[in-house]
Amino acid sequence: MTYETNTPTEESIIPKHEDGEEYNSIYLSRFEKDISISQTLDFSQFMQTQILLTAKRKALELGDDRSPINNDPYNIRRSDFDELSEYTASKSPSIISEASHNSPSRELDDSGDENTSKLTGTKQSMLKARNRQAAQKCRIKKKKYLQTLQDQVNYYTSENKELLQSANDLREEIIKLRTLVFAHRDCPVSKACSKALFLMGKEKPLTPP
């Protein structure tokens with residue numbers, strides 16, 4: 001980092017008057033000019049320079065001849081000022097926080113957060129749409145399955161009724177046949193059949209229906 005300073009010559013130094021006012025006013029303007037900051041300084045160096053300027057003004061207002069700025073203005077250190085640490089602790093954080101709040105990186109973070117929120121919203125919308133489609137397909141599949149089961153129930157119910165009707169018809173047919181056979185039990189043909197069945201071991205007594 002670079003500083004743009006003008007080193008004073010012996011001719012440019014103004015001796016201090018007894019009251020010190022003329023010396024202080026002229027010397028303050030020269031001091032501010034000598035420590036002018038170029039645009040290439042970073043923020044921390046800028047803050048340090050501003051703190052030194054404030055300390056210089058306060059020292060001149062108090063008229064303290066023992067101020068390190070009055071004694072050796074071109075060899076100033078932080079430890080020479082009692083109020084420097086307090087001023088830094090009270091003023092610098094607010095200025096730094098304000099600068100960081102308005103910094104381009106903060107703007108980039110905000111824009112990144114907005115893009116992230118938009119992307120998250122888009123993903124959520126797509127996820128909800130997929131969930132709706134999946135739920136609709138599941139409902140359609142379940143409806144088809146239930147309809148298939150109902151069709152099977154109807155089919156087997158109808159078939160059962162038909163089989164029951166056929167069983168009843170067959171029972172009636174059996175009763176009719178047994179009635180006819182019993183009516184012809186004294187017929188020679190019936191006797192011959194009974195004898196043949198007896199010889200085969202399958203004869204059964206004829207009973208009325």
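Easy rule for this one: first residue shown is 1, then count along the chain.
Note: Cβ is positioned from N, Cα and C throughout, glycine not excepted.
Here the structure is a predicted model, which means the values were calculated and not measured.
Features reported for this protein in Swiss-Prot:
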- 90-103: compositional bias 'Polar residues' (COMPBIAS)
- 121-184: domain 'bZIP' (DOMAIN)
- 90-133: region 'Disordered' (REGION)
- 123-161: region 'Basic motif' (REGION)
- 163-177: region 'Leucine-zipper' (REGION)
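Across the domain 'bZIP' (121-184), DSSP helix (H, G, I), strand (E, B) and coil residues number 63 helix, 0 strand, 1 coil. In the predicted model, residues of the region 'Leucine-zipper' (163-177) average a pLDDT of 94.
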